[in-house]
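Colleague: Let me begin by handing over the structure; questions about it come next.
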Amino acid sequence: ATYKVKLVTPSGQPLEFECPDDVYILDQAEEEGIDLPYSCRAGSCSSCAGKVKNGNVDQSDGSFLDDDQIGEGWVLTCVAYPTSDVVIETHKEEELTA
């Protein structure tokens with residue numbers, strides 16, 4: 001399946017694209033020419049952190065976030081597959097690690 005992903009960046013400009021359910025959101029964003037923050041690309045740091053505002057993702061490949069953080073909506077875009085249409089606020093590392 002393919003889902004609609006909407007990224008809300010700090011500029012407030014929402015960026016929308018379609019993402020297959022077997023492609024990481026970060027990877028698909030790059031394919032679309034969208035520049036998002038990242039570092040390890042393995043789900044073991046917080047550089048790519050965002051917050052899911054609507055919809056669902058599968059980020060079981062990641063290890064950095066604990067269950068409480070995931071429950072609060074935190075997401076690592078480098079290891080997140082969309083499992084529905086999803087809205088994500090990006091560039092949230094400072095808020096996550098504060």
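Glycine residues also receive a Cβ, built from the backbone N, Cα and C atoms like all the rest.
Marked as [2Fe-2S] cluster binding site by Swiss-Prot on the basis of sequence analysis: Cys40, Cys45, Cys48, Cys78. Residues or ranges marked as domain '2Fe-2S ferredoxin-type' by Swiss-Prot: 3-94.
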Colleague: Using a 10 angstroms cut-off on Cβ to Cβ distances, just flag whichever of Cys40, Cys45, Cys78 is the loneliest among these binding-site residues.
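Modeller: Comparing Cβ neighbours within 10 Å for the binding-site residues Cys40, Cys45, Cys78, Cys40 has the fewest.
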Colleague: Provide the three-state DSSP residue tally for the domain '2Fe-2S ferredoxin-type' (3-94): helix first, then strand, then coil.
Modeller: 17 helix, 30 strand, 45 coil
Colleague: Please list, in sequence order, every residue of the chain apart from Cys40, Cys45, Cys48, Cys78 whose Cβ lies within 8 Å of the Cβ centroid of the [2Fe-2S] cluster site.
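Modeller: Output for this site, in sequence order: Leu26, Tyr38, Ser39, Arg41, Ala42, Gly43, Ser44, Ser46, Ser47, Phe64, Leu76, Val79.
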Colleague: Write out the long-range same-chain contacts of Cys48 ([2Fe-2S] cluster binding site), meaning residues 6 or more apart in sequence whose Cβ is under 8 Å from its Cβ.
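Modeller: The list for Cys48 ([2Fe-2S] cluster binding site) reads Leu26, Leu36, Pro37, Tyr38, Ser39, Arg41, Leu76, Thr77, Cys78, Glu93, given in order along the sequence.
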